[in-house]
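Features of the protein shown, as given by TrEMBL:
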type	residues	note
BINDING	Glu108, Asp247	divalent metal cation 1 binding site
BINDING	His166, His199	divalent metal cation 2 binding site
Amino acid sequence: MTVCYACRWFVAASSDTASSSDDMDAMLERARAAGVKSMIITGGSLHESKEAIELAKQLGFYATAGCHPTRSAQFDKFRGGPEKYLEALDKLIAANLTGKGRVVAVGECGLDYDRTHFAPKDVQRRHFRSLHPGLTIASYRTVLTVQLAGSQLALAKKYHMPLFLHSRAAHQDFVQILREEGFDKDGGKAVGGRGGVVHSFTGTVEEAAEVVGPSSSTYVNGCSLKTEHNLAAAKSIRPDKIMLETDAPWCSLTSTHASKAHLASLPPALSNLYFPPATKPEAFVYGRPVKGRNEPAAIGGVAWVIHKLNEGVPFEKVTEKAWKNTIEVFGLTELQ
């Protein structure tokens, strides 16, 4: 099985223990054994986007560049203000459009109303859409506020690049902004957009149907399969609109999730590939996964749950369709 997906994988974030922070090679070997052909490493800020691109270049993978909604306050704190932050993102993307480690999507961007202690709602909305509060020009007759165009959505339009989107407890505003920015029809092609994907989807069946229009596709991972309601939403996503991810090192498939019942039927040979025996961080053994840390190899487990939810659809068909969707959305034609 070969499935391309998003993997937030930085050595520093992989574990709390120094002994397991250098097992990148072993992790990659487990991923290859599980059938993983390539990865997209996501950027969550200007700094992280630079790291993601550099790592993707080293490993021959792909990257995204953008600012996560919980980091959107960085726009205002940046030296020179929001316009300079966006300009730096723009230059980073422009410099990495081809070759190893190339940027294949703008993001991770969107809205996260579960964690407004990191960035208030109004700050998140402002830096997601294409208008920033601009200059105030006063004369003896009028006071005019000029809106300065520029945001991550604007970058997606400029480079005709898909969006890597994030939405948490913000569905109404999220969809409204995408619609107002022209992404409500055909992935925003009329305004220069190229669709994209809502990653780590945890919404309802109704929300799943609504986001498919503006975003083009939906990413499913372990966090998308926690509850029976999650499973119902995942099952409702059309085969031509679903893609698979791990969001490693987070969003593991765990024994407390509703997905566990479906994973019980996973053949032992595949289970050993997707979920090899792990050790606790304090008992780290090189060559073994670390408990509590999700890995790229687990992508097969996500695919198996989707297969079981869609009774009668062969496992291979699920993985092949997800692979094809990923290739098309991100333009990874060299992997065909």
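Using N, Cα and C of the backbone, Cβ positions are placed for all residues, glycine too.
Where the annotation comes from TrEMBL, it is an automatic prediction and has not been curated.
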Checklist outcome for this item: Asp247 (divalent metal cation 1 binding site) has its Cβ surrounded, within 10 angstroms, by a count of other Cβ atoms equal to 23
Checklist entry - Hey, of the binding-site residues listed (His166, His199), which one tops the CB count within 10 A? => result His199
Item to check | Inter-residue C-alpha distance, His199 (divalent metal cation 2 binding site) and Asp247 (divalent metal cation 1 binding site) (nearest angstrom) | outcome: 9
Checklist entry - Just how many other Cβ atoms lie inside 10 Å of the Cβ on Glu108 (divalent metal cation 1 binding site)? => result 30
